[in-house]
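Engineer: Take a look at the following structure, please.
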Amino acid sequence: MELFYYMVFGALGAVVAALELSKANKDRITTSQAFTSFKNNYLLVYSLMMAGDWLQGPYVYYLYSTYGFGKGEIGQLFIAGFGSSMLFGTIVGSLADKQGRKRACATYCITYILSCITKHSPQYKVLMLGRVLGGIATSLLCSGFESWLVAEHFKRGFDQQWLSLTFSKAIFLGNGLVAILSGLFGNLLVDSLSLGPVSPFDAASCFLAIGMAIILSTWTENYGDPSENKDLLTQFKNAAVAIASDERIALLGAIQSLFEGSMYTFVFLWTPALSPNDEEIPHGFIFSTFMLASMLGSSFASRLMARNSPKVEIYMQIVFVISSASLLLPIMTNFLVAPSKVKGGGISFSGCLQLLGFCTFEACVGIFWPSIMKMRSQYIPEEARSTIMNFFRIPLNIFVCVVLYNVDAFPITVMFGMCSIFLFVASILQRRLAAIADKPKAEDWTPMKERDAEAEPLNAP
């Protein structure tokens, strides 16, 4: 492996270590022992859930290819996963608000374990069922756990600022350290121990089962809207009213969709961007480098959120601009650096520049996650938190499905340019959100049925 990869990894690791070790009192949040116990319990569960997810990611495509499926069939399987998340996500989100977030989190574990079991079958229909189950599980992962955490945090009377500490630590561990360790563990199972490409899915099932046991034994239940007369259609209407009546919620949803859509597109594009001439690049090591960059971002975010200034609405404008610029690098290098005509070999000079830009983007991702979680906890009403969060994922999943379906239709530079534009638009929307963040709502959001029941005729005496 080339020295360049070790230098980038080492530099990022040194910066992360320096950030963590140099935290002063002003960078830390003073909390209580009860909160520390609560936070550590959640971080343990969240890390196990993310381990179950990260173990699968690097081997899904590889497993399907070993079963003899081509690029087109594998693409259809991936589209099925995102399509399932889009179609069923809002439903499971509403059920989480209604039936309980703890129950939803346990359902995530069961659904994802069943999805892992289907990977043992080479039958296309069985694998398609597994992708559908995986899409449902993804929706629960992206809404159920955060909704339970926010509700339980306030139910126990903890300070709102302490939420940012849990968010930043969850991303630092779950999307950083756990991701790196999961990649190394998966590589150990598949390559070193030669257990086959399905072994990471079996390991993921074990981690998910352990996490579910902790959830069932230590978590208490909480709900969004506990009223008995709310059907799913009414919950959908209430969520739509909440989004339409508060510009801040609508802006937050648009910002999230633009950023996550660009992020998921980047996942598909970074490999061909770094190896356009089939250069030999260490995919696993580069993935770990990206996750280390994400850890750097989350560590930096924890410092920012521990202080009262700048506010999250302010500094995220800068983060979106930087992320937009970082994804312009493939376009710039394509024009400024002469492309290599040699097939194979090591990473090119333009590839090295792009790798640095991609690490910058991943650092922005590390800042994005805890920051968007904090803003969601401030603006999204508790009554329909899971429902609204999954509403936000509908345009995201549509976008990713369209990209997957047309991934070969456009040059890679066009795809990166599109992502860069989306991120710049997100910065503009974030600027608008910052401008209205402290303004009171024109009307407090209340469930529609209550509003209709309390409404009086205009000509009432």
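Positions of Cβ are set from backbone N, Cα and C atoms, glycine also.
Okay, these came from TrEMBL:
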type	residues	note
TRANSMEM	6-22	transmembrane segment
TRANSMEM	43-62	transmembrane segment
TRANSMEM	74-96	transmembrane segment
TRANSMEM	128-150	transmembrane segment
TRANSMEM	170-189	transmembrane segment
TRANSMEM	201-219	transmembrane segment
TRANSMEM	281-302	transmembrane segment
TRANSMEM	314-335	transmembrane segment
TRANSMEM	347-369	transmembrane segment
TRANSMEM	390-406	transmembrane segment
TRANSMEM	412-429	transmembrane segment
Engineer: When you check the transmembrane segment (170-189) against the transmembrane segment (412-429), do you get at least 3 Cβ pairs under 8 Å, counting only pairs 6 or more apart in sequence?
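Structural biologist: Per Cβ check, the transmembrane segment (170-189) does not touch the transmembrane segment (412-429).
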Engineer: Sequence gap of 6 or more, Cβ distance under 8 Å, 3 or more pairs: do the transmembrane segment (201-219) and the transmembrane segment (347-369) meet that?
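Structural biologist: Stretch pair does not touch.
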Engineer: Quick check: do the transmembrane segment (6-22) and the transmembrane segment (281-302) share at least 3 Cβ pairs under 8 Å, counting only pairs 6+ apart in sequence?
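Structural biologist: Between the transmembrane segment (281-302) and the transmembrane segment (6-22), which are separate recorded stretches, there is contact, as judged by 3 or more close Cβ pairs.
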Engineer: With pairs closer than 6 in sequence left out, are the transmembrane segment (347-369) and the transmembrane segment (128-150) joined by 3 or more CB pairs under 8 Å?
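Structural biologist: In this chain the transmembrane segment (128-150) does not contact the transmembrane segment (347-369) - fewer than 3 Cβ pairs sit under 8 Å.
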